[in-house]
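In TrEMBL this protein carries:
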- 42-117: domain 'Lipoyl-binding' (DOMAIN)
- 126-185: region 'Disordered' (REGION)
- 128-143: compositional bias 'Low complexity' (COMPBIAS)
- 187-224: domain 'Peripheral subunit-binding (PSBD)' (DOMAIN)
Amino acid sequence: MAALLHLRLNSSILPSSSSHPSLRRRPCRRPAAPSTRISAKIREIFMPALSSTMTEGKIVSWVKSEGDRLAKGESVVVVESDKADMDVETFYDGYLAAIMVEEGGVAPVGSAIALLAESEDEIPLAKSQASSSSSSSSSSAVPASPPPAEAPASTTSLQTLAPSPPEPSPVAASSSTHPASDGGRIVATPYAKKLAKDLKVDLAGVAGTGPMGRIVAKDVEAAAAAAVASVPSAPSKAVVGSVAAKAPTPLAIQLGTVVPFTTMQGAVSKNMVESLSVPTFRVGYTISTNALDDLYKKIKSKGVTMTALLAKATAMALTKHPVVNSSCRDGKSFTYNPSINIAVAVAIDGGLITPVLQDADKVDIYSLSRKWKELVDKARAKQLQPHEYNTGTFTLSNLGMFGVDRFDAILPPGTGAIMAVGASQPTVVATKDGRIGLKSQMQVNVTADHRVIYGADLAAFLQTLAKIIEDPSDLTL
C-alpha cells in the first residue's frame with residue numbers, strides 16, 4: 001500500500017492550529033492592495049516519514065507535473081527512504097502548484113517539498129509563496145550530489161574496451177503481452193526508468209514482471225537485448241568484431257571516481273557503525289546436509305526453496321532456545337521476542353536488505369516458500385513495506401550459492417544473533433564403524449550479542465539445529 005501524502009494547510013479562513021493539530025498555519029503573502037481579502041487554500045506537501053529510522057528522503061521522481069489536477073488517492077511523488085522506494089499518495093483534491101524539491105533532491109522529514117492549491121486561480125499565489133520561501137532560506141533540501149565530471153580524453157573507461165553495439169530502436173509492444181500502466185502512467189521502478197533512458201528503451205512497450213505488473217530492471221534489459229538482436233549487424237572482416245558488436249556494452253566505470261552513498265548504502269553504513277558498540281562473539285558448527293539435500297530434491301518441484309528450508313529449520317530450533325531469539329536495545333534489559341521472525345539478507349542493486357519471514361515457526365514450508373519468492377520480488381523492485389524488512393528477530397546470511405565455505409556476519413543492531421551459512425560440500429569423514437565415508441557438510445557461524453546470549457546458549461541452539469537438519473522430516477509437517 002502506498003504511503004499517504006502529508007500536507008499542511010495554509011489559509012486565512014482556516015480554524016486555529018489548536019483546533020486542528022494536524023494542520024500548521026502559515027500566513028499567505030498578500031497582494032499590494034491592502035483591501036483585497038485572501039481566501040486561498042494552499043497546502044504544503046511535506047516529506048513523509050516512511051519508516052521509524054528515516055530522517056530524510058530523496059525525491060526519485062515526480063509522478064505529476066506542476067499544474068496537474070490531483071484527485072484524492074492519486075500517486076504524486078516517488079520517495080526513496082533508507083530501504084525502499086514508495087509511491088506517495090495525496091488525500092486531498094487540488095492542483096500541484098509548485099514543486100520545491102526537484103527530482104534527485106534530498107529533504108528532511110517534515111520539510112516542504114511542494115505546494116498544493118485548491119483551485120487553478122490560486123496557483124500563481126502558491127508559486128509566489130514557493131519562490132519567497134526558497135529565497136528566504138538557503139534550501140530545505142540537500143541538493144543531490146553532482147554527477148562525476150567527464151574524464152579527460154586521456155582517461156580510459158571500461159566502456160572503451162569493447163565496440164558499442166548498434167543503437168537499439170524503441171521497443172514496440174508485443175501483441176502477446178500487456179505493458180504495465182496505471183491510468184496512462186507507466187508503472188516502473190526508478191532504476192528501471194533510468195536504465196530505459198540509458199538504453200533508449202520505450203517503457204510504453206515493455207511488459208512488467210514485477211509486483212502488480214511493475215516494470216523492473218530485468219524487463220528493460222530483456223527489451224534492450226531483443227531490440228539489439230533485431231538490428232542486423234554490419235558485415236565485418238573479423239569474426240571477433242561482429243561478435244563484440246552484438247554483445248551488450250559494459251557498464252562505464254570511471255576508475256578513481258568518488259561516488260557518494262545512495263540512501264540505502266548510507267543506512268547500511270550507519271547500522272554497521274552502530275553494531276560496533278555491541279560486544280559480540282562467534283560460535284561455529286559443522287552440519288551434515290545429506291538428508292536435507294534429499295528432501296529438497298523431492299519437494300523442489302512444488303516450489304520449495306532451500307532458503308525457506310533453512311529459515312524453517314532455524315525457526316523450529318529457536319522455539320526451544322528463546323534466549324537466542326531475544327534482543328537488547330538499551331543495554332539495561334532484554335526482551336524475549338513473542339514471535340520468531342527470520343530475516344534473510346538479500347543483495348540488491350545499490351545495497352543490502354533483509355526481507356522478513358514472519359512467524360516462520362508456524363507457517364508450513366510451502367506457504368513459507370511462496371512468501372519468500374514474493375518478498376524477494378518486492379525487494380528487487382524496491383517495494384517492500386517497512387514491516388517487511390525491519391521486524392526480524394533472528395537473521396540468516398547465506399553465501400553458499402557462491403561457493404563460500406565459511407564466513408562471519410556482522411550483527412544487525414536491535415537483534416540478538418545472526419547466522420552465516422556456507423556451502424554444502426562433499427567431505428571425507430570417519431563413520432561410526434571406523435570406516436572412511438563421504439558426507440555433504442556445511443559450516444554455520446553464529447554471531448551473537450554477548451550481553452544477552454552466552455556460549456552455552458549458542459552451543460545448545462546449534463546442536464538442536466543440527467538434529468533438525470540431519471533429520472528434516474518435521475520440516476514438511
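In case you wondered, yes, glycine gets a Cβ from its N, Cα and C as well.
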Confidence summary for the domain 'Peripheral subunit-binding (PSBD)' (187-224), mean pLDDT rounded: 77
Helix-strand-coil residue split for the domain 'Peripheral subunit-binding (PSBD)' (187-224), DSSP-based: 24 helix, 2 strand, 12 coil
Residues in the domain 'Lipoyl-binding' (42-117) grouped by DSSP into helix, strand and remaining coil: 0 helix, 40 strand, 36 coil
